[in-house]
Amino acid sequence: MLIDGHGRKVDYLRISLTERCNFRCQYCMPEKPFSWVPRENLLSFEDLFKFVKAAIDEGITKIRLTGGEPTLRADLDKFIKMIYDYKPDIDLAMTTNGYLLKDIAKDLKAAGLKRLNISLDSLKPEIARLIAGKDVLENVLAGINAALEAGLKVKINMVPLKNVNEDEIVDILEYCKDRGMQVRFIEYMENVHAHSDLKGMHGKDILEKIKEKYQIEKIGRQGSSPAFLYRLKDDGYVFGLIDPHKHDFCDSCNRIRLTAEGYLIPCLYFDEAMSIKEAVQAGDIDKAVAIMREVLANKPKENRWSEEASEASSRAFYETGG
Ligand SMILES: Nc1nc2c(ncn2[C@@H]2O[C@H](COP(=O)(O)OP(=O)(O)OP(=O)(O)O)[C@@H](O)[C@H]2O)c(=O)[nH]1
Ligand SMILES: C[S@@+](CC[C@H](N)C(=O)[O-])C[C@H]1O[C@@H](n2cnc3c(N)ncnc32)[C@H](O)[C@@H]1O
Ligand code: SF4
Ligand code: SF4
């Protein structure tokens, strides 16, 4: 079992497979970064798998593949199958922008993927283009359909932005409700990589938009999820609100992150990280596990969001995987 320095059980590994992306979302990566991590610096799937096996043996029961855009990695389905074959009952999920899913959702499901969280910020082609930097909506919607048809469990993530897509909160909620998918509205997290003019929406304002049409009631948090759940009184449809600024889910934080280059990050908001790359490439898995234990021993209690000094996070979401 993996326990961090504050006594929290850690059983959730988020793996960023690449920092590269085929979108340029205004809130994440409006410009192409000055330089990408060279491909040769990425951990190969073979090396990643060596670490994943050890992490599972140590007590990881939930793995999420993210990025950047994880579907850009060739042989993604083979990597998923390697994990699935090693531990079929693992909660194996991925977060994606959905653009390439149309052609691969079936293969990912067949390989052993169970759940997908797909980002969808607008149902209007021109607004989707404005946010993502290119014409994406048709492919994303086709990707969502393909994922549902393949039998994957799908959640939708939306980041509401003032004067951009705030008028679509109810439309997206209803789009998800009609298809049996849970939507989570994510408060925009200010960060130095995002477009400087963006204004996010507060959770209470997001809820106000929904209350204009529906009566809602609180459910609360489930397990270690960052989402606070609500229910529509009419028909019981459940949706979530994620406020990444908050600390209240840090008490039950169960996660550790691995970047595509092999850095283990103890917390979404901290720059400290330790690399397992050399150890894994040398085949020294015991050392990689020892590094993971050290990172967890130093895992912070909570994010520093409330401290003025870190009003804007310097960590790129495309690097940590969100
Ligand atoms: N502050 C904070 N926010 C997080 C953390 N993990 C996820 N989030 C936020 O939640 C958003 C959605 O995350 P997802 O990748 O969909 O994954 P998840 O919510 O862990 O997934 P589920 O297993 O479906 O609950 C991220 O983009 C972040 O904004 C975390 O550890 N800390
Ligand atoms: C970094 S992306 C990686 C996976 C995939 N490319 C995608 O967009 O779903 C993971 C999640 O982070 C969210 N995200 C990115 N930048 C954010 C920001 N500044 N504030 C809040 N959420 C953000 C995205 O909306 C997405 O749901
Ligand atoms: S949020 Fe996802 S899709 Fe958008 S730029 Fe970031 S990594 Fe790419
Ligand atoms: S902010 Fe850090 S401590 Fe809090 S939930 Fe996220 S990763 Fe865990």
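From the backbone N, Cα and C atoms, a Cβ is placed for every residue, glycine too.
Among the features that TrEMBL reports, domain 'Radical SAM core' is placed at 5-227.
The annotation GTP binding site is assigned in TrEMBL to R14, R64, T95, K155, R255, I256, R257. DSSP assigns I256 (GTP binding site) to a strand in the three-state reduction.
Annotation note: C25 ([4Fe-4S] cluster 1 binding site) sits in a coil segment as assigned by DSSP. The Cβ neighbour count for C25 ([4Fe-4S] cluster 1 binding site), using a 10 Å radius over every protein chain in view, is 20. Feature annotation from TrEMBL assigns [4Fe-4S] cluster 1 binding site to C21, C25, C28.
According to its DSSP assignment, S119 (S-adenosyl-L-methionine binding site) is in a strand. Counting only same-chain residues at least 6 apart in sequence, those with a Cβ under 8 Å from the Cβ of S119 (S-adenosyl-L-methionine binding site) are C25, T95, T96, N97, G98, I156, N157, M158, V159. What TrEMBL lists as S-adenosyl-L-methionine binding site is Y27, G68, S119, M189.
Secondary structure at C250 ([4Fe-4S] cluster 2 binding site), as computed by DSSP, is helix. In the structure as shown, the Cβ atom of C250 ([4Fe-4S] cluster 2 binding site) sits within 10 Å of 20 other Cβ atoms. Feature annotation from TrEMBL assigns [4Fe-4S] cluster 2 binding site to C250, C253, C267.
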Subset of binding-site residues (C21, Y27, C28, G68, M189) lying within 10 A of R255 (GTP binding site), CA to CA, in sequence order: none
The domain 'Radical SAM core' (5-227) [mean pLDDT, rounded to integer]: 96
Chain-internal residues, separated by at least six, CB under 8 A from C21 ([4Fe-4S] cluster 1 binding site): C28, M29, G67, G68, E69, L72, N97, Y318
Those binding-site residues in R14, R64, C253, R257, C267 whose CB falls under 6 A of ligand 2, listed in sequence order: none
Binding-site residues near ligand 1 among C21, T95, C250 (Cβ under 6 Å): T95
Cα distance (Å, whole number) from Y27 (S-adenosyl-L-methionine binding site) to I256 (GTP binding site): 23
Local Cβ density at Y27 (S-adenosyl-L-methionine binding site) - other Cβ atoms counted within 10 Å: 21
